[in-house]
Amino acid sequence: MARALQLAALGRLSTFPNPRVGAVVVSPDGEIAGEGWHQRAGEAHAEVFALRAAGERARGADLYVTLEPCSHHGRTPPCADAVITAGVRRVIVAMRDPNPLVSGRGLDRLRAAGIVVETGVMQAAALNLNRGFVSRMERGRPFVTLKLGASLDGRTATASGESQWITSSEARADVHRLRAEAGAVLTSSETVLADDPQLTVREFASAVPLSRSRERVAPQAPGEGQPEKLGAHSDSTLSPRLRRDPLPQAGEGTIFLRQPDRIVLDSSARVPANAKVWSSGARRFWVSTRDSATAPEGVELLTVPADTDGRVDLPAAFAALGTAAVNEVLVECGPRLAGALLQAKLVDELLVYLAPSLLGSEARGLAALPGLARLDQRLRLRYTDVRQIGPDLKITAVPEEG
Ligand code: AOF
Ligand code: ZN
């Protein structure tokens, strides 16, 4: 399963809106007979690649797959049927498919065909890899990461979508990698009008390995961490035999980089057609309360209700993005939207890059929040990770419940 998760992670930058899925066929004599991972929506599922690679050796074999095999006819036929036809004896699954079209029916179908099914193996790692897909399926909205940049005293100098305060190129490359992984970047009209950011992946592009070399496949900035969530199962902990195994036949060693969707929340539709954020290359969403606004070419207008202040109603905006098949968003914005998202409890994870400098009390804070009458009204967070990225600190935190 550790290997299947590694394979699934190869789709980290390319499977949206589909989940990242990996599969390994192990023959009765304990050899890996086939491997596969899902590469792009509309193309074959992980199980199909793995079964194809295994051929006749799938008969009587064990199939390790990071997501329950599907039971529905989507863009591709049901994988559960392919597993049954291939003569697999046992299927080991990391997590159930939260897609209501599947949701246990794939497992039922396998069991009905007499296949032994085990579930929940390395489930936490699988859920983490697909936190965006799971969020969209279960909550109808994307997983939201709010990225902020500040001085050590928590101050920011600019309205900054593109974080002009971040001087270190390491931190910038890290943010570009996060944009690629999230698959969508969201900001406010205020930030667009102030900074005219592109919000595309540029610095990271050269760091994305497109070669066939196994060693260079996992995209990772120096010192960075997502893959070490799988770290305990990295190559070094696998048996030498597994380590020598070749990559899957299909799409061998290829990582597809897709530019992230770009999303602008713009209540009164003020962002001009020539804003850089609308430049071509990805899906672009203009979320506004004005249904009469004329969207620039290639930009999709999502009209949502206004809140009591006349701004975009945030829960409605994120629900609309869920409907538009956005799994995960990286929010890069100024203090106003940051504060509003935190107050609306729409932030799942907070990333704060802290530069080694002090801006003093005249500079603005990170998130605009109403003044507190009592300390127990404070917004509580829990740190989940701290690391150094170049000269900066990167702190990951999650809001506490309640
Ligand atoms: C994937 N890749 O490896 C697996 C998936 O439109 P379709 O036919 O590609 O179906 C997509 C759904 O299939 C997806 O939402 C998930 O529920 C299920 N499993 N999807 O893209 C895979 N195993
Ligand atoms: Zn499938």
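Numbering starts at 1 and runs along the chain as it is shown here.
Placed from the backbone N, Cα and C atoms, the Cβ positions cover glycine too.
Per TrEMBL, domain 'CMP/dCMP-type deaminase' is recorded for 1-118.
Counting every protein chain shown, the number of other Cβ atoms lying within 10 Å of the Cβ of HIS45 (Zn(2+) binding site) is 27. Secondary structure from DSSP puts HIS45 (Zn(2+) binding site) in coil. If you look up TrEMBL, you'll see HIS45, CYS70, CYS79 marked as Zn(2+) binding site.
Under 8 Å, Cβ to Cβ, and six or more positions away along its own chain, GLU47 (active site, proton donor) finds VAL21, ALA23, GLY36, LEU63, VAL65, PRO69, CYS79, ALA82, VAL83. Per TrEMBL, the feature active site, proton donor maps to GLU47.
The Cβ neighbour count for GLY149 (NADP(+) binding site), using a 10 Å radius and every protein chain shown, is 26. Summarising the annotation, TrEMBL assigns NADP(+) binding site to GLY149, TRP165, THR191, ASP195, LEU199, SER267, GLY334, PRO335, ARG336, LEU337, ALA338, GLY339, ALA340.
According to TrEMBL, the substrate binding site annotation covers SER163, ARG179, ARG202, GLU332. The Cβ of ARG202 (substrate binding site) lies under 8 Å from the Cβ of HIS176, each on the same chain and at least six residues away in sequence.
Marked as region 'Disordered' by TrEMBL: 211-251.
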Those binding-site residues in HIS45, CYS70, ARG202, ARG336 whose CB falls under 6 A of ligand 1, listed in sequence order: HIS45, CYS70
In three-state DSSP terms, the structure that GLU332 (substrate binding site) belongs to: strand
GLY149 (NADP(+) binding site): nearby binding-site residues from HIS45, CYS70, GLU332, Cα cut-off 10 Å: GLU332
Binding-site residues compared (CYS70, LEU199, ALA338) - highest count of Cβ atoms within 10 Å: LEU199
For ARG336 (NADP(+) binding site), the one of HIS45, CYS70, ARG179 that lies nearest, given that the binding-site residues are compared by Cα: ARG179
Binding-site residues near ARG179 (substrate binding site) (Cα-Cα within 10 Å), from THR191, LEU199, GLY334, ALA338, ALA340: LEU199
